[in-house]
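Here the structure is laid out as structure tokens; the discussion comes afterwards.
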Amino acid sequence: MLKFAVLLSVLACALAGTIPDGLLPQLDGRIVGGYETSIDAHPYQVSLQRYGSHFCGGSIYSHDIVITAAHCLQSIEAKDLKIRVGSTYWRSGGSVHSVRSFRNHEGYNSRTMVNDIAIIRIESDLSFRSSIREIRIADSNPREGATAVVSGWGTTESGGSTIPDHLLAVDLEIIDVSRCRSDEFGYGKKIKDTMLCAYAPHKDACQGDSGGPLVSGDRLVGVVSWGYGCGDVRYPGVYADVAHFHEWIERTAEEV
């Protein structure tokens, strides 16, 4: 199955009819093949929450801006969103902030998953400290084979229904887009130029890590977007390519 699985008690109705058959948004899952980590190691990581439940990740861009995936915010109103920052645990700790507004990329397509990126403005400025920091966005793609890390909260298996409290992370390698769409893997032409792939055998982001950070060289290089299964050797994880959206992020962060 695809790694996108909606937390049924929270978002199933909101997302019905907007995602292609077999391609459900990855809104509440876990890192596959990874390890427990702390927010001090990933101080840019946030938890997007609705009705008190974690459903997506995100990355701190500035004192009042968070970057996430567009598919996380379909059929959702800003007043229903909360952002927890500064905690290793999505359920407690740190601080929780209301959302003033958000904007999905104008070219986002829920069928092809192109332009799967969004900007959130929170109500109050964040106070930066060791557990709450912005991350710089990439202005060029990392090289093929570069080490990257993805972090998030989620279930213990693809399609699972419970999520751990503790933040998890996994180390991956960047795969060039042309290689990701080659016969070596199973995606073919589904991989577009707005996307970035990362891979390690039996390691991956999974349901619930959506919108979260893929970081390489201390830069945000990707936003967790989609993929078939979790940790399937035939299918790398697919991310929104942050370098491709660099100008859009800067502009939208001023406008939203």
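Cβ coordinates are placed from backbone N, Cα and C, and glycine is handled just like the others.
Copied over from Swiss-Prot:
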type	residues	note
SIGNAL	1-22	signal peptide
DOMAIN	31-254	domain 'Peptidase S1'
DISULFID	CYS56-CYS72	disulfide bond
ACT_SITE	HIS71	active site, charge relay system
ACT_SITE	ASP116	active site, charge relay system
DISULFID	CYS180-CYS197	disulfide bond
SITE	ASP204	site 'Required for specificity'
DISULFID	CYS206-CYS230	disulfide bond
ACT_SITE	SER210	active site, charge relay system
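In three-state terms derived from DSSP, HIS71 (active site, charge relay system) belongs to a helical segment.
When the alpha carbons of CYS180 (disulfide bond) and HIS71 (active site, charge relay system) are compared, the span between them is 22 angstrom. Secondary structure at CYS230 (disulfide bond), taken from DSSP and collapsed to helix, strand or coil, is coil. Relative to SER210 (active site, charge relay system), the disulfide-bonded residues with Cα atoms inside 10 Å are CYS56, the candidates having been CYS56, CYS197, CYS230. Closest to CYS230 (disulfide bond) by Cα-Cα distance, out of the recorded positions CYS56, ASP116, CYS197, ASP204, is ASP204. Reduced to three states, the DSSP call for ASP116 (active site, charge relay system) is coil.
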